[in-house]
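Asks: Below: one structure in structure tokens.
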Number of protein chains: 4
Amino acid sequence: MQTEPTIVDTPLTIAGKTFNSRLILGTGKYRNTEEMQAAIEASGCEMITVALRRIDFDDPKSRSILEDIDWSRYHILPNTAGCATAEEAIRVARLARSMGLSDWIKLEVIPDPKYLLPDPVGTLEAARVLVDEGFVVLPYINADPVLAKRLEEIGTATVMPLGSPIGSGQGLPDFRQIQIIIEQANVPVIVDAGIGAPSDAALAMELGADACLINTAIAQAKNPAGMARAMRLGIEAGRLAYLSGRIPKKPYASASSPLEGVVR
Amino acid sequence: MQTEPTIVDTPLTIAGKTFNSRLILGTGKYRNTEEMQAAIEASGCEMITVALRRIDFDDPKSRSILEDIDWSRYHILPNTAGCATAEEAIRVARLARSMGLSDWIKLEVIPDPKYLLPDPVGTLEAARVLVDEGFVVLPYINADPVLAKRLEEIGTATVMPLGSPIGSGQGLPDFRQIQIIIEQANVPVIVDAGIGAPSDAALAMELGADACLINTAIAQAKNPAGMARAMRLGIEAGRLAYLSGRIPKKPYASASSPLEGVVR
Amino acid sequence: MQTEPTIVDTPLTIAGKTFNSRLILGTGKYRNTEEMQAAIEASGCEMITVALRRIDFDDPKSRSILEDIDWSRYHILPNTAGCATAEEAIRVARLARSMGLSDWIKLEVIPDPKYLLPDPVGTLEAARVLVDEGFVVLPYINADPVLAKRLEEIGTATVMPLGSPIGSGQGLPDFRQIQIIIEQANVPVIVDAGIGAPSDAALAMELGADACLINTAIAQAKNPAGMARAMRLGIEAGRLAYLSGRIPKKPYASASSPLEGVVR
Amino acid sequence: MQTEPTIVDTPLTIAGKTFNSRLILGTGKYRNTEEMQAAIEASGCEMITVALRRIDFDDPKSRSILEDIDWSRYHILPNTAGCATAEEAIRVARLARSMGLSDWIKLEVIPDPKYLLPDPVGTLEAARVLVDEGFVVLPYINADPVLAKRLEEIGTATVMPLGSPIGSGQGLPDFRQIQIIIEQANVPVIVDAGIGAPSDAALAMELGADACLINTAIAQAKNPAGMARAMRLGIEAGRLAYLSGRIPKKPYASASSPLEGVVR
């Protein structure tokens, strides 16, 4: 008897690099290093993002986050969290590359500290400069299909729309614009903020997203390693459901047990 | 390094019988027997429900659904799908037990063929009679917390509220009353209809449901075995997230990368 | 030029009595009598519900709520709020009629003090008795289409499904079962709890509800009279929209300015 | 007895011009001129938007939309519907002004014909140019709080976020980002697309929006004049509710009839 579904997935490919895991982890807000390491391990992730502004490039001793992770096992994705303008983000990205860290950059241009929503114009400006300089740019954006298309056109490696504000755990309360982004994209679409539980991650993948980036929902869970594994399963579930072809939503019921039987 | 989260779950226990899987499968609407068998296998389920009205107890040759499944591996849960009144449901349950099938019964009293919504009064009446006769009764109900409490009080083994109408695939569009049922219940709560994708199943489990019963969303998926495995993963994800303690939903953002760093 | 739409509505008719207003007001939780009276006036309502348990029938001096309202202008609808069982509700209704108050009764059987959700079985039992005794029965129920149909069949004058729990102000977070109730009903459908703002009331009316009963959202608003008028407008807006035939919801956009023009 | 709430609203003021009506109408998609005129009349609106691309400035005979409306009674708001780029929008706005039509412009830069979503970058570019040239600019945008803030900073007279795609009638399925826009704005916020029924318009106003622009939901209703009046009432209801201070949403119920009574 057949014991496994015959569905074969292709790996996620970003800028020519392939990943078997479709879950990307952040490194902020863990209560301690042990919890972070256990969560990373349990998540099965292959790419981890690190805020460049938390690294003191002048003082090697302070580079704790870089030393806490075994970078031979994980692809590092530096990010520009904390940069309020295109200029800041560009400068930080260049510095990271010049230090030999990476030429990949998760681009965040976030002027507003309360809702942490990204600046569409500043993001596009910074992306243009960084793409021109040879960076592999993964921009964090509001769920704006026209902006996503423009970023793709200038050569970003992905687009990373938010599900809801960073750290809010609200999931994807309205996913229609994310659906449009997915429908129109020729680069991977990574849902990047707001995921609070595996059901949110599964939903993003069922819609056809290529990956999810998750930080707060794992780091701040009561049991980060447990939640990391739960997110891994949720993403696998959603991806497999996407490939398996879900039933349409119907306004009416539809009997699961058609009654051709004879017992009356 | 710790490679697995240390969370240990207790098995699902219904009427003294334990189950490691929290996914229960239906057997209706598969396109063919092979797809059904592959889906059951891929789902990892341990309990399967069968509509009694599809079985001709007078003609053993017609009992195909019973012959298509290896009942040494799965716990059978007969159901009264197609019964519009308490009387019909009681009669069918008795017949099944007298034939030696089971004294467990998934109780469905559904007068309306369009939306397939259950009758609260007929269900309570039939449950009372069947519990008194020693049946293990698992009643299918609308998400009505007071009805759920009344059924528990008369001795049903579980309550099985719907997420949305049978076969609709709408998921749990409003789960507040299911949350109340879970909060108040002393018996297992099984979400029983409307689940369309793993994100729905994960959500039910994250809310604290004890199990999910899924039929149409697997049977009518393009690849039923793939979807069965996806649902299995979704349920595991949701359960593990429930045990791991999710973050609260917040109206505001909360930075994942607090900026104690020094790069300016 | 035509200055008014040519839509003519029929009045709401309950048990042979007609009402031009489709807004029914409760009398609980006002901060003082003046605010209540101003709100009633601003609402344009013609029917007001009063909790019988707040009236001391043995002490005429205590019947303040009855004295605070000019009952020559408003139809009184006594209710059984605070009754946890069918027996209590029946007894209170009989007492009110014997005192000459009314033979109309808004039937509430609510065993649970936390969520204030109605008991479907107790409500049906009490309704059966009271209808048999000649009462005009308006039962408060969860949004359960099968229960609504059963109540109509035994002769209740309306059905009154909740939008969300009493006083919660959550509106109608999932209105599908209310839509089904409306589709199947031959008696007026009155949405009776959870309305928090005019948008909720308008939505109920757009779905085809015949009226709304509102209490907390008006009584506890900062300005009850202002909110009462706002609710009145919301109900008129929703009713008129229902009669005017709204556009369907579409997943895609549809240009409002088709471009047959010539400027290029 | 007080018969009217004592709430006094201030009029809507845009670029120094005041409006008593908070409903702005579009002129596209009406089935005929009579229906349009009746709807405008019934709406009580004081400002009407007209697509410039539907006007042939070279052929006065073709300027039907301008002749169909009594412009002594309504403020004209020309719009750049059908312009896919900033350049086009700028050119059309200049042409309209040079023809003496108006120096107000509802700015739409919409590259995508399927979802009709606005281009954030093109809109900001065009707004900058037009503000510099002295236009009163009302830009149509996705519900992006950072973009809204940037537009306000360069001097637009309003911001006009969408509720959902143009003509979709989906309302405001997720209004959190609109709430943020309202919270942060120092110019009027006008919800500009997706409103399908008065409940949507009322909701926008309850959130604190200053006005709504509606076209398809009125023009394509079965009875446009009826729906226009319904929208007018919905907007008045929502505005009055906003000023009256709605109750908060609560997860639990809260009895409307506290039981200090004595009947047992």
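Every residue gets a Cβ built from N, Cα and C, even glycine.
In case it helps, TrEMBL gives these features for our protein:
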DOMAIN    D:13-258  domain 'Thiazole synthase ThiG'
ACT_SITE  D:LYS106  active site, schiff-base intermediate with DXP
BINDING   D:GLY167, D:ALA193, D:GLY194, D:ASN215, D:THR216  1-deoxy-D-xylulose 5-phosphate binding site
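What does the local environment look like for each feature on the list?
Replies: Taking the domain 'Thiazole synthase ThiG' (D:13-258) as a whole, pLDDT averages 93 in the prediction.
According to its DSSP assignment, D:LYS106 (active site, schiff-base intermediate with DXP) is in a strand.
Every protein chain considered, the tally of other Cβ atoms within 10 Å of the Cβ of D:THR216 (1-deoxy-D-xylulose 5-phosphate binding site) stands at 26.
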Asks: Please give the maximum pairwise Cα distance, in Å and rounded to a whole number, for the 1-deoxy-D-xylulose 5-phosphate-binding set D:GLY167, D:ALA193, D:GLY194, D:ASN215, D:THR216.
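Replies: Comparing all Cα pairs, the maximum is 9 Å.
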Asks: Just the number: how many Å between the Cα atoms of D:ALA193 (1-deoxy-D-xylulose 5-phosphate binding site) and D:LYS106 (active site, schiff-base intermediate with DXP)?
Replies: 13
Asks: Select from D:LYS106, D:GLY167, D:GLY194, D:ASN215, D:THR216 the recorded positions whose C-beta atom falls under 8 Å of at least one C-beta in chain C, and return them in sequence order or as 'none'.
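Replies: Cβ contacts with chain C under 8 Å: D:GLY167, D:ASN215, D:THR216.
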Asks: Ten-angstrom check, please: count other Cβ atoms within 10 Å of the Cβ of D:ASN215 (1-deoxy-D-xylulose 5-phosphate binding site), all chains counted.
Replies: 26
Asks: Rounded to a whole angstrom, what is the C-alpha distance between D:LYS106 (active site, schiff-base intermediate with DXP) and D:ASN215 (1-deoxy-D-xylulose 5-phosphate binding site)?
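Replies: D:LYS106 (active site, schiff-base intermediate with DXP) to D:ASN215 (1-deoxy-D-xylulose 5-phosphate binding site), Cα-Cα distance: 14 Å.
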Asks: In DSSP terms, helix, strand or coil for D:ASN215 (1-deoxy-D-xylulose 5-phosphate binding site)?
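Replies: SS state of D:ASN215 (1-deoxy-D-xylulose 5-phosphate binding site) = coil.
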Asks: In which DSSP state, out of helix, strand and coil, do we find D:GLY194 (1-deoxy-D-xylulose 5-phosphate binding site)?
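Replies: Coil, per DSSP.
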